[in-house]
Amino acid sequence: MLKSINHICFSVRNLNDSIHFYRDILLGKLLLTGKKTAYFELAGLWIALNEEKDIPRNEIHFSYTHIAFTIDDSEFKYWHQRLKDNNVNILEGRVRDIRDRQSIYFTDPDGHKLELHTGTLENRLNYYKEAKPHMTFYK
């Protein structure tokens with residue numbers, strides 16, 4: 001039986017740039033650095049960075065694949081401004097109904113998509129039940 005997510009690992013082209021991003025911008029706690037690796041605790045998760053300089057990264061922006069972190073509604077403006085102030089690549093995101101809460105989509109220095117979201121799974125399911133009758137829901 002799966003218990004939980006153990007860790008998330010990102011391939012990065014420049015370890016120092018990524019350490020700066022995850023520590024100084026996203027406020028992750030740096031736990032370990034090595035020649036080509038760094039570990040963080042971020043939002044209760046183990047985030048691992050492994051430097052791999054020769055990995056193609058040009059098509060990653062076409063995918064909707066991303067990792068979302070929860071933030072409070074009251075912190076939305078703070079985080080949006082923090083990302084802007086640090087010249088983070090903020091993405092336009094999708095058009096969203098306010099019942100689906102607020103999100104900020106952005107990328108790390110290697111183009112990995114991240115999201116800061118103010119909603120919960122329960123919020124999303126309730127919104128979809130109300131607004132999307134074509135969907136099938138299971139218990």
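Yeah, the Cβs are placed from backbone N, Cα and C, and that goes for glycine too.
As annotated by Swiss-Prot, domain 'VOC' applies to 4-119, with the evidence given as sequence analysis.
Around the Cβ of E115 (Mg(2+) binding site), the same chain contributes H66, I67, A68, F69, S103, I104, Y105, F106, each under 8 angstroms and 6 or more positions distant in sequence. Taken from Swiss-Prot, the feature Mg(2+) binding site covers H7, H66, E115.
The active site, proton donor/acceptor feature in Swiss-Prot is assigned to E115.
Note on H66 (Mg(2+) binding site): other Cβ atoms within 10 Å of its Cβ, all shown chains, come to 14. Here the Cβ of H7 (Mg(2+) binding site) has 10 other Cβ atoms within 10 Å, regardless of which shown protein chain they belong to.
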